[in-house]
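A.B. asks: Copied straight from Swiss-Prot:
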type	residues	note
ACT_SITE	H443	active site
COMPBIAS	8-17	compositional bias 'Low complexity'
COMPBIAS	53-64	compositional bias 'Basic and acidic residues'
COMPBIAS	71-81	compositional bias 'Low complexity'
REGION	1-82	region 'Disordered'
MOTIF	388-394	motif 'FYXDWWN motif'
TRANSMEM	121-141	transmembrane segment
TRANSMEM	165-185	transmembrane segment
TRANSMEM	197-217	transmembrane segment
TRANSMEM	222-242	transmembrane segment
TRANSMEM	272-292	transmembrane segment
TRANSMEM	305-325	transmembrane segment
TRANSMEM	361-381	transmembrane segment
TRANSMEM	429-449	transmembrane segment
TRANSMEM	451-471	transmembrane segment
TRANSMEM	484-504	transmembrane segment
Amino acid sequence: MAISDVPAAAGTTATTTSDSDLRQPSLRRRSSAGVLFDAARDSGSDNSLTGKITDDDNIKDHKPNNHAASDDNVGAAANDAGQEHRQPVADFKYAYRPSVPAHRRIKESPLSSDNIFRQSHAGLFNLCIVVLVAVNSRLIIENLMKYGWLIKYGFWFSSKSLRDWPLFMCCLSLAIFPLAAFVVERLAQQKCISEPVVVLLHLIISTVELCYPVLVILRCDSAFVSGVTLMLLTCIVWLKLVSYAHTNYDMRALTVSNEKGETLPNTLIMEYPYTVTFRSLAYFMVAPTLCYQTSYPRTPSVRKGWVFRQLVKLIIFTGVMGFIIEQYMNPIVQNSTHPLKGNLLYAIERILKLSVPNVYVWLCMFYCFFHLWLNILAELVRFGDREFYKDWWNAKTVEEYWRMWNMPVHKWMVRHIYFPCLRRGIPKGAASLIAFLVSAVFHELCIAVPCHMFKLWAFIGIMFQVPLVLITNYLQNKYRNSMVGNMIFWFIFCILGQPMSVLLYYHDLMNRKGEVD
């Protein structure tokens, strides 16, 4: 066997023919190029090495004596079986030749600033999960050894909550208001009442639906959990009633425009004449959406096994959330002072200490409600649109966060507040301010009413988002593709804003209870 005088590259072997008169060397490529590909991968994952081998093959195969080349091919085919077992040895011998360049192009380190966001960090993510589990497991064991079992079941399963029959009856009576709205819409469809009367009746129905539970909670010394549950349900029903009335009003207006022969955009999907049915209203009231429409995308069937697994997850994560609240957050809050009245450094220390368990509770709450519960409800009623949230954790601005973290409310705001304001000629900034104002009012109602006090901390916290939106938008426009806004969002929401709100409401609530006692 002779070696070609042309420098051979990785993955090639030299063979001789069986003809004694023609001893011309022939360079033949191996059929399996595993080692060659390994060499190419180690040298930079480019094709230059393969190209070099191909060029060398062409040089050696380009002979003036065609008969010799033909004999070489015949000899190579005949010796395939004999050469097969010698291929690994030859590949190993010629795979990493010193003459082959190891550095072929300009490349960045994987963790350099220009290349770090192009890499996959799945391994580091797994490492963070392992470290997080290990560290928190140690902290839980240390906490239990030091303080013991601090969970008080009375906060979650108190007999007082079971005896809140006025709140329970008020919760059941909320079904009256959708029925009243349906009667109004039927009368409007039959043209028994004029449009101004329809608007007035819907205004009365929605106002009474919102004020009636507030009065019941304030009149009754109910448990906090019962009051929060009733207020959340009240706000959901109110938002649904507004959407139901507004959508039917818009459909009547479109029907009139269609009867006049006006051209409507293709994006409008509705049947003429539209009909008001109790079935569509009943489905809307139980569906995991706040925006009414006559039909929704539906899934073909209910996955019972999947629902059971999600219910198990819901129970587990709800228990984890309750454990963190009782075992960590309550002792921290009870051993703190009012953040606006005590020592500043001590208040900062309490806020920072409260921030970590608060982040866990907030993430568990989001996962339990927006992912588990809403998906369970959607599966049971075969609701097809499961986009209840987007990747809000990657939000670069506060505005992006509010657009992505709660999609049912965001769609309601856009459909019934923001764009109606724009169609009325209101500027975009003012329309956004109105949307935040509505959100702030309902956040305050859901917290202040069950606490039986109106300190406006939740209202101020939501309205404070407006300057944060301007600041983070400015930073995003100035520093393109930066995560400065994302860091500000995480700091304001989880490190400063929510722990501060918890301390403020707790101490104000304790002061109120002390005054009452």
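Note that Cβ sites are derived from N, Cα and C of the backbone, with glycine treated the same way.
Looking at the shown structure, can you explain where the listed features end up?
C.D. replies: Less than 8 angstroms from the CB of H443 (active site) sit A458, F459, G461, I462, each of them six or more residues away in the same chain. In this structure, H443 (active site) is part of a helix by DSSP.
Beyond its flanks by at least six residues, the motif 'FYXDWWN motif' (388-394) meets 288, 366, 370-371, 374-375, 400-401, 403-408, 486 of its own chain at Cβ-Cβ distances under 8 Å.
Outside the transmembrane segment (197-217) by six or more residues, the chain places 166-167, 170-171, 173-174, 177, 180-181, 184-185, 187-188, 227, 230-231, 234-235, 237-238, 241-242, 245, 249, 445, 449-450, 452 with a CB less than 8 A from a CB of the stretch.
Residues 155-156, 158, 160-161, 164, 166-167, 170-171, 174, 177-178, 181, 202, 205-206, 209-210, 213-214, 216, 284-285, 290, 292, 409, 412, 416, 442, 445-447, 449-451 of the same chain lie 6 or more positions beyond the ends of the transmembrane segment (222-242) yet place their CB under 8 Å from a CB of it.
Long-range Cβ contacts of the transmembrane segment (305-325) within its own chain (Cβ-Cβ under 8 Å, at least 6 residues beyond either end) map to 151, 156, 357, 360-361, 364-365, 367-368, 372-373, 375-376, 379-380.
Away from its own ends, the transmembrane segment (361-381) comes close to residues 283, 286-288, 299, 302-303, 306-307, 310-311, 313-314, 317-318, 320-321, 324-325, 329, 388-389, 405-406, 408, 493-494, 498 of its chain (Cβ-Cβ under 8 Å, at least six residues beyond either end).
Remote same-chain partners of the transmembrane segment (429-449), defined as residues 6 or more beyond its termini with a Cβ less than 8 Å from a stretch Cβ, comprise 214, 217-218, 227-228, 231-232, 235, 409, 413, 417-418, 421-422, 455-463, 465-466, 469, 505.
Beyond the transmembrane segment (484-504), the same-chain residues lying 6 or more positions past its ends with a Cβ under 8 Å from any Cβ of the stretch are 329, 333, 336, 338-340, 347, 350-352, 354-355, 358-359, 362, 394-398, 400-401, 455, 457-458, 461, 464, 468, 471-473, 475-476.
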A.B. asks: Let me spell it out: take the transmembrane segment (451-471), skip the flanking residues so only those 6+ beyond its ends count, and list any with a Cβ under 8 Å from a Cβ in it.
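C.D. replies: Residues packing against the transmembrane segment (451-471) from afar: 217-218, 224, 227, 397-399, 402, 432-433, 436-437, 439-441, 443-444, 488, 492, 497, 501, 504-505, 508-509, 512.
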A.B. asks: Per DSSP, what is the residue tally for the motif 'FYXDWWN motif' (388-394) in helix, strand and coil?
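C.D. replies: DSSP classes over the motif 'FYXDWWN motif' (388-394) add up to 3 helix, 0 strand, 4 coil.
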